[in-house]
Ligand code: NAI
């Protein structure tokens, strides 16, 4: 007997094989790092990717040679920082993921990385604006709350800024929020999808648990929120000076890239939380904000409003907005001072 499940499966398979025929070049800048290597590996396993360009200031050709032996169809090339290397890696790219920069050590906040990572992201953004102005740009390098505005300013200065194509990758916050609630409630984490809004550091990370029908209270709720906001610190401490989240981040980055590829290849209702140029709090002078975003062939298709939240969540949001404004302004000021 032919059930609805069979039909759905057949349609899925057909649309998937049609979409995999479309060429998609994906570039990773910082591809030899702790995030860059497993992220590149996961992208090599994605049949929607036809070309994978790996760039780093060290070791990218080695990583490319290694990953290039995996028996999936995509072509992999590694690029060194030669005069043409970065441009060649970027040219023709549909998606550019940027995990280049330094990670945290114990005791550091993401903002402590600003001085080093701001100029790394600025320079890579300049190259992307020149060689891949129409690509989707996915910023992973921290502090995301500032590196995304930095990238926007670089693109604006060159007249190629498209707010629909710039994304701060906050997927890991949702991955963690979903995992942590499943540990508390003994549910399957794969079926959890907790909405997380705001930004990507400490108090700017705001999980909206009530929207998934959960009503934790008291210390359990406080502890849950704290764990989502500072989950990254658990990894930084456990790695004891050797870096921050890399493997879970690679998974989160690959998931976001996969969602963009699905959307650009025509799939509907692809929704991911991400830190984008957003109208939601512009009246309060906050130009960027993470919320659920529907993705489409042109990048951002629709920015979802926050929706109904509890009083407790509103307090978290108020604290988030105060911090976020400063983080964004810091990025904008950096480009004014050091264009
Ligand atoms: P890592 O130090 O292991 O790797 C960074 C890589 O960037 C290195 O291979 C380095 O050679 C490369 N690099 C440095 N300058 C470069 C340049 N100008 N051009 C190209 N490549 C360059 O660091 P890891 O652990 O991979 O973290 C990378 C960034 O991702 C950090 O800023 C970290 O804070 C951030 N991160 C973001 C998360 C998020 O949720 N958005 C989660 C975890 C980390």
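Each Cβ is built from the backbone N, Cα and C atoms, and glycine gets one as well.
Whatever TrEMBL says is automated annotation, not expert-curated.
For the NAD(+) site, TrEMBL records 30, 31, 32, 33, 34, 35, 36, 56, 140, 141, 142, 249, and the single candidate of 115, 117, 269, 292 listed with them is 117. Sequence-distant neighbours of residue 249 (NAD(+) binding site) (same chain, 6+ residues apart, CB-CB distance under 8 A): 35, 39, 99, 140, 172. In sequence order, 110, 142, 143, 144, 145, 168, 169, 170, 173, 275, 290 are the residues near residue 200 (active site, proton acceptor), counting only same-chain partners six or more apart with C-beta under 8 A. Spacing of residue 141 (NAD(+) binding site) relative to residue 104 (substrate binding site) is 11 Å (Cα to Cα, whole number). The most densely surrounded of the binding-site residues 117, 141, 142, judged by C-beta neighbours within 10 angstroms, is 141. Looking only at the binding-site residues 104, 110, the densest Cβ neighbourhood within 10 Å occurs at 110. A C-beta separation below 8 Å, combined with a sequence spacing of at least six in one chain, links residue 176 (substrate binding site) to 227, 228, 231, 248.
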